[in-house]
């Protein structure tokens, strides 16, 4: 292997691998440490920098309010440390089960579900009244209905307890990333396309703001705007519609009217504010730790090439050809010294069926460029498991869109990429051989580098968030700016 070249190291993009969903069981048991250790040793030998793991609220606080049990996760983290890997920990305040690739079922804590029995409006709700129990509605963020605590206080207490109980791993800088879950699948979005309610790709999804709390907030906002007669949309169709079959999204539809724009601005602002408030709590909880805070944004690539961007709009990303729905999120993230994690890095437009009007490549370019323009770090992951050179090459291209620079840092470089996900299939000889090549190419043909400072990733102690940015200032970032240029293919192919 080549020794470490100082200039080439500045092109190094660390690679993490997501651990299996059920590594800690729903009963809070670390199931198969020996089996996992074998796999982690293989990852370490392949040059992988670290692993990512969901730290499930539904496992840790399942016994009752503030009754946390971190023991199984401590054993897991100990093993990761012994194997010489870094850790990205996700504060997973959502249910596992009901989304793409969910093979395990981990509901949110039973005592929270019990509150939902008497008050089902704590859950996101669509227009027909179906509740989604995978994550609490934004409407209860500041409602003290969880045994005297608000939802945000519940999340905040959980993160503080994590810091207290995992202080050894934080001090030894084994844990380098805290990804703060902000919605279903841990993503800052509404649960607009739930498979467990019958959604199938490429359905436009549904708005999820019909619980009594969000409904009341919308009515109050409409009244303040002098339109107390305005109601939430009733013409946006159902999960598996195409945009043109709905009054809301069709050409010259409701989404372009004053009322439609008011609703979409309100709906997306709710999400911005939700992320902002919880990141503020995360920043307080981990203040002074040498960790990166991160949030995850979903790659909703279907209907991206349609004028209405319907699937993005129902998820809360108010993104149109003349309005950037992602840069305001990056601006919000920037005040907390946090980074943005994006998905679908492996996808190419040519692999998508034309009737979904899908644009994953343009979407990735838009979101990454927006993050870089707001001076934040951007990381990412693949959306679906892939083991082929084409997918790996696409990820490498997105990680360094203008290629490597042999004389220093490249023009743009992603902060890291997390591969989804560790499995027996990944470790099959032929699959693992190409994965190992992928790691080497992400590392710019350099050996594994133990010290992140060598590739400009030293992590300073987390500083306190900057002052709150008013939402109308955040929304100044909706002005579209063309993305940075992207090479047509990577200069570091796994099969080159």
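Glycine too: its Cβ is placed from the backbone N, Cα and C atoms.
Using a 10 Å radius centred on the Cβ of residue 54 (substrate binding site) and all shown protein chains, the other Cβ atoms total 24. The DSSP secondary structure for residue 54 (substrate binding site) is strand. Per Swiss-Prot, the feature substrate binding site maps to 54, 94, 102, 296, 301, 343, 382, 383, 421.
Per Swiss-Prot, active site, proton donor is recorded for 187. Neighbour density for residue 187 (active site, proton donor): within 10 A of its CB lie 24 other CB atoms from the protein chains shown. Residue 187 (active site, proton donor) falls within a strand when secondary structure is assigned with DSSP.
Under 8 Å, Cβ to Cβ, and six or more positions away along its own chain, residue 381 (active site, proton acceptor) finds 18, 341, 342, 343, 345, 417, 418, 419, 420. The DSSP secondary structure for residue 381 (active site, proton acceptor) is strand. What Swiss-Prot lists as active site, proton acceptor is 381.
Look at the binding-site residues 301, 382, 421 and count other Cβ atoms within 10 Å of each Cβ; 421 has the fewest. When the record's substrate-binding residues 54, 94, 102, 296, 301, 343, 382, 383, 421 are compared pairwise by CA position, the greatest distance found is 24 Å. Shown in sequence order, 21, 96 are the residues of the chain, 6+ apart in sequence, with a C-beta less than 8 angstroms from the C-beta of residue 102 (substrate binding site). According to DSSP, residue 102 (substrate binding site) sits in a coil region rather than a helix or strand.
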